[in-house]
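Visitor: If you look up TrEMBL, you'll see 1-25 marked as region 'Disordered'. Here TrEMBL flags 29-223 as domain 'Heparan-alpha-glucosaminide N-acetyltransferase catalytic'. Residues or ranges marked as transmembrane segment by TrEMBL: 35-51, 63-84, 96-116, 122-140, 147-169, 189-215, 227-253, 305-324, 345-369, 381-401.
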Amino acid sequence: MSVIGTSGNPAPSSRSRGRAGERERRAGRITGLDLARFLALIGMMATHVWVTNSDGSTPALAAFLGGKAAALFAVLAGIGVVLTTRQQRERKAHGAAALNVFGRGLALMLIGMTLGLVPGPIAVILVYYGLVFWLLIPLLRLSNLSLLMVATAWAGLWPFLSMLLRAPLNVGSELGTPSWLDLAHPLELIRGLFVTGTYPVLTWVVYAIVGMVVGRMLLISRERGTILQLSLGLASVGAVLALVGVGVSLLLAGPFGGLSSISASTGAGDRASELFYSAAFGTSPTESSWFLASPAPHSGTTFDLAITAGTSLIAIGVCLAFCLRLGDAAIRFLGPAIGAGATPLTIYAVHVIVAGVTYSVVVHGGALADAPELFWLVSSAPIWLIHVACALGIGAVFYWWQRRGPLEAAVTWTGQRFASLTTRRR
């Protein structure tokens, strides 16, 4: 996303490792972005395998990270699109750049459809992300100002359009993890992917557009040697964006009467606040237009987008600045985390498979019914830490091996093969 596997930060050859590593560290580029991916990766793991305590309560970490880790990945995906098409755009090879993005998106969708066959409660995001890549293709030649205008306008307009489209359907979130089996119902699959699913593409494209702007600014700042200033600016803008999103939503809910209107129009009574602030599954309820003021994670409202895009910018800015200031010894110490961040798609796939198989054995296999103490294998801090440790282990291998992960290599290869089609036609 650059889960996945589309980061635009290729692993250097062992021959040039020292020279390239120093140059990249000085630019604050690879290490900063890879550290951000690692944080997004383990954050997403927490929302998968530490989502509920044994007493049924929601862990504070999962509640805080809800919607934010996936949004960070989407912003990083937009950055990756810019970085991986940089040389083609500099050569004015716009057709090759478009085909590169198309191929990468296709690879993500194929991997996602296959992972969708894994049983378990995890909503695999890869098919949605692949489609987001395709939606970015017409935007590759737009200026930064135009991209910002598109992202802002769409973030404000689309939630209203989504509610108008969904209201007559009388459906909630009807698509979690797309898989090959969903091809039997193509209309529902398309509708879920674009509008009613857990990660509706027409909502999540906003994050990727923001990422494209950040990616271009990063390239410019690297040339000028102003990465640190950019990172601080990103963190500051992100903080303002998130705070404004929260503040305006609270004003609309309270002083402007949003919660009162929801309570009256839906008959929810005292549950109006719970419905308004509870995490959603990709879309906001359609019973009242006041739900569009909700800041709830995964609600897809303008305020949800503002908050999670803001926190993504904060994370990226902090990671860039942090890694820029580190010495070589500290970078080596963080090697496993940086390696995991450079191999997110492979690690994500392993995580989904392991968590899915564990869930099937413990829950569907009846082990949990016979031994309730096994619940920790499904959702707990220890199982999350085990997944994190495995991610660090895989990251350490690829960091010291200086190679891409197999799925990252597959995505890169697919993009390059599609991009080469323009050369063959000449």
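Backbone N, Cα and C atoms are what each Cβ position is placed from, and that goes for glycine too.
Where in this structure would I find these features, and how exposed are they?
Guide: If you look at the transmembrane segment (63-84), the same-chain residues 6 or more away from its ends with a CB under 8 A from one of its CBs are 1-4, 6-9, 33, 36-37, 39-41, 43-44, 46-47, 100-101, 104, 125, 129, 132-133, 136, 140, 199, 204, 207-216, 218-219, 279, 297-298, 304, 308-309, 311-313, 315-316, 344, 412, 415.
Sequence-remote contacts of a segment are chain residues at least 6 beyond its ends whose Cβ falls under 8 Å from one of its Cβ atoms, and for the transmembrane segment (96-116) they are 1, 4-6, 81, 84-85, 88-89, 124-134, 136-137, 140, 177-182, 345, 349, 352-353, 407, 410-412, 414-423.
Residues 139, 191, 195-196, 200, 202-203, 205-206, 209-210, 212-213, 283-284, 286, 289, 291-292, 300-302, 305-306, 309 of the same chain, all 6+ positions outside the transmembrane segment (147-169), place their C-beta atoms under 8 angstroms from a C-beta of that stretch.
Sequence-distant contacts of the transmembrane segment (345-369) (same chain, at least 6 residues past either end, Cβ-Cβ under 8 Å): 1-5, 41, 44-45, 48-49, 108, 111, 115, 118-122, 124, 126, 375, 377-378, 383, 387, 390-391, 394-395, 405-408, 411.
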Visitor: Do the transmembrane segment (189-215) and the transmembrane segment (305-324) come together with 3 or more C-beta pairs under 8 Å, pairs six or more apart in sequence?
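Guide: Stretch pair touches.
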Visitor: Where else in the chain does the transmembrane segment (305-324) make close Cβ contacts, counting only residues six or more beyond its ends and a cut-off under 8 Å?
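Guide: The answer is 25-29, 31-33, 35-36, 39-40, 67-68, 71-72, 74-76, 79, 155, 159, 203, 206-207, 210, 214, 218, 227-228, 230-246, 295, 297, 331, 334.
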